[in-house]
Amino acid sequence: RAVALLLVFCVSGMRAETARYSVPEEADRGSFVANIAKDLGLTREELLARRARVVPEGEKQYLQLNQHSGDLVVREQMDREELCGQSEPCLVRFEVLLESPLQSFRAEVRLIDINDHAPVFLNREIVLTIPESAMPGTRFLLESAHDPDVGNNSLQHYSISSNEYFHVYTQRRNDGGRYAELVLDRALDREQQAEVAFSITAVDGGNPPRSGTASIRVVVLDINDNIPVFTQTLYKVSVMENSSEDTIVVVVSASDLDEGTNGEIVYSIFQNSEENLQTFKINPETGQIRLKKPLDYEEKKSYEIDVQATDGGDLSTHCNVEVQVKDVNDNAPEVIITSLTSTLSEAAPPDTVVALFNVRDRDSGDNGRTTCELTGEQPFRITLLAADAYALVTSETLDREQVEEYNVTVRARDEGSPALSTSKTLLVRLLDVNDNAPTFTQAIYTMVMSENEPAGRSLGRLSATDPDAGENARVRYSLVPPPTGTLAAASFVSVDAESGTVRTSRPLDYEKVPAFEVTVTAADGGSPPLSAQAVLRIIVRDENDNAPVLLHPGPESSAAGELVPRWAPSGYLVAKVVAVDADAGQNAWLSYELAKATEPGLFRVGLHSGEVRTARAVTERDAARQRLIVLVRDRGRPPRSATATLAVALVDDFSDAFHQLGHDPAGRQQPQVAEEEMLTTYLIASLCCVSSLFLLSVLVVTANTLCRERVRAELPPPSPSCYADGDVASDGVGVGSTGTLSPAYRYEMCLTSGSGRSEFQFLRPILP
C-alpha cells in the first residue's frame, strides 16, 4: 500500500518541498501509487485543464499520470537492485508540471525492497585448514554470502549443521553487512579425525525468509604452534578516486615466530566480496595492496578488505583494511532535456516556455554544486523552477525576419577546482507571422508607352518584396479603382497579379492623353492580408500621326492673293505662311520650303519662319501674275507635310492690283464689272482709314514728346543706365523655344533711372 507525504510550500508559482511516495519494487504496471490531484488540492477538471504531466529526472519514464482521475500509477516495473544496487533509500525522482500558470512540483517515489533474492555463497565448498593445536574459542573467518536485497530482506544471520567441534557466530560490519566466524568448541585431534565436514546456511530476514547453503570442509593440520600476527588488526586508508591503475593503496605486514617454512608468510585477499577481488590485488610476498582498476566515488564510497596471512604450516590470521574513496571533480554536469518546443511562433510573448531541463552532477560537495547560464546574446533566459530544475523562456519579443532560428547553448558549470562544465545546444526555429506589409522597390514607377501602342504590349514590371515567409510573403498586384467622376486611367493598362508585369489595355492618343497616373497595390497572402501602394506614372510617347495644319492661308481657300509693288527690293516681305502640328517635340517642328513657283528665282521662303520674301528686286520683265506653292513639312519619321498655294500679283498701283488678281494667267474668265468696282471702293476706303490712323499717330507721338521734354527740364539731370544683353534675366518663356510658330524676336532696351515715369524705347530687332 502506497504511503504519501506531501509538504506544500508555494513560492512564486513553484513548490519548494518534495512530495514523497513509496511503492514496492517490481510492482505490476498500472499499480496505484498516489492521487496527485488530491495531494495538490486540485480537482480533476483543473488537472486536465492545466495539462498536468509527469517529467522524469532520468531518461526512462517509470511512472505516468492519469489526467482524468489524477492517479499516479506504475508505467514500467522497477527493480530496486538494478536501479540503486545496495544504496538505500532507492528513490525515483520526478516533477509534476502544470501550465497556465506554469508550476512545477518535485516528488519522489521510494522503492520498497521485497525479498526477491536469496543469499548466495561465491563458492559451493569452503575449505579450512586448522592445526590440531588450535585452542577452543579460536575464531576462523568464513567466506560471506551475498544478498542484493537491503534492510530486513538482506542477509541476517548464519547457521551451521550440527557437529561436535564448531559453532558459528554472526558478526556485523560498519556498513551493515554481516559475516560469519567459525568458533572452535573443543580441541581437534588429527589422529582421531583428519577432516570435519558440515554445512553453513545464510538466512535473510524476508517473509518468508530465503537462504543459501555451502559446505565446509575442515582439514586438520599437524601442529604448528605459532600463527602469523599482523602489526595492525585494522588498517584505515583513503584513496583519491582518480588514482590510476597499480596505485599502492596500503602495505600490510605480519610476522611468524616459527622458523623455516612455518615462518614464511603468504598474503592474500580473502574472498568475502567479488567486487573487492575485481578492484584490489595484493603482492603475496610484500603485502602491497594495489588497484586493479580506477575507483569511482559515485559508484562506491568505501571498501572493506579482509587480508589473510598464511605461514608455511598453513596457519593463518587475518586483518581488516578500510579504504575510503575521496571524491574529485571528475564528473561534468549533465543537462537533461525533459521537454522541448523546437518550433516557436515569432509572435510568442515574453516568458513563453521553450524547454524544461534538469542539471545533474554526480560529484558531491562543491564538486556537485552547479550553476546554469546561456552563452551569447539571445532573446532567451533561464528560470529556476526548483533545485536543479530549470525552464528556458523567451526574454523579449521575437522577429523571424531578423533571425529565422536560434542555436541556444545552455552551459552548466560546477563549483569544483578546477571547475568542469558541459554545454547543450537547442535548435529553436521561429514560425512566421504576417507582421510585415509588402514594400515596393520604388515609390513612383515611370513607364513609357508609344502612342497607338496595341493592347497587350508589356511596358515594364512592378516589384514589391515582403520579408515574411510562405503565403505571408506571396505578393499579388492590382490596380486601385479611380474615384467616381475622374478619368478612368485604370482602364488604360493592366497589371499581372503574380508577376507585376504592366501591359497596355488599349491604344492611346498622345494628343488626348499625354500622360496619366494610376495607383497600384501589392498585397500579401497573409490572414489578414497586409498591403502597400505605389504610383504608376505612364508617359505616352508621341508618334508622328498628325500632318501640319495651315492657319494661313486657310485650307478652305484655293489660293491666297498677295500684292507686290514693282518697286519692291530684295527681301521684301510678301506673305507669311502659318501652320501648326498637333504632335509634340520633333514631330511638331515645321520647316517651310518653296515647292513650286512661276519664277523660282524671284521668291524665297524662310525655313523656320514661313515668311515669303523676294529673293531679288522685281523687274519689268517679271510676269504680273505669280503662283507659289509652299510645302510645310514636320520632322517626324516618316515626315508628314501640307502645301499652301499663294497667288502673287506684281502691280504698279492699287487699281491695277485688283485687275491683275482677277485674271488667271491660265485663261480663266474675267471678273464682273460690279465686283471690280466694289473692290476698288473697298480699297480706297481702306487707304483713307490707314492714312487717318497714321496722321493721328504722328500727332499723339509729337504731343507725348513735348510733354516729356517739359517734365525732364524740371527734374535733375538723369543718369542713364543702359543694360547689356546679359543683364536681363532670361527666365521668361520664349515662344520660339517650342511649338510650331516662328522663332521669337528679341529687343534691346535702355532705361533711365531718373525718368519721371517708366518708358521703353524699342531700338531694333535682333534676329537670331
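If you go along the chain as it appears here, the first residue is 1 and each next one adds 1.
Glycine too: its Cβ is placed from the backbone N, Cα and C atoms.
TrEMBL does not curate its annotations; it predicts them automatically.
Annotated signal peptide per TrEMBL: 1-16, in sequence order.
Feature annotation from TrEMBL assigns domain 'Cadherin' to 15-121 (among others). Mean model confidence for the domain 'Cadherin' (15-121) is a pLDDT of 83.
Residues annotated as domain 'Cadherin' in TrEMBL: 122-230 (among others).
Residue counts for the domain 'Cadherin' (231-335) under DSSP, split into helix (H, G, I), strand (E, B) and coil, are 10 helix, 46 strand, 49 coil. TrEMBL lists 231-335 (among others) with the feature domain 'Cadherin'.
The domain 'Cadherin' annotation in TrEMBL covers 336-440 (among others).
Annotated domain 'Cadherin' per TrEMBL: 441-550 (among others), in sequence order. Taking H, G and I as helix, E and B as strand and the rest as coil, DSSP gives the domain 'Cadherin' (441-550) the counts 7 helix, 46 strand, 57 coil.
Residues or ranges marked as domain 'Cadherin' by TrEMBL: 555-673 (among others).
According to TrEMBL, the transmembrane segment annotation covers 679-702.
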When DSSP states are grouped into helix, strand and coil, how many residues of the domain 'Cadherin' (122-230) land in each? 3 helix, 55 strand, 51 coil
The DSSP breakdown of the domain 'Cadherin' (336-440) into helix, strand and coil residues is 4 helix, 57 strand, 44 coil
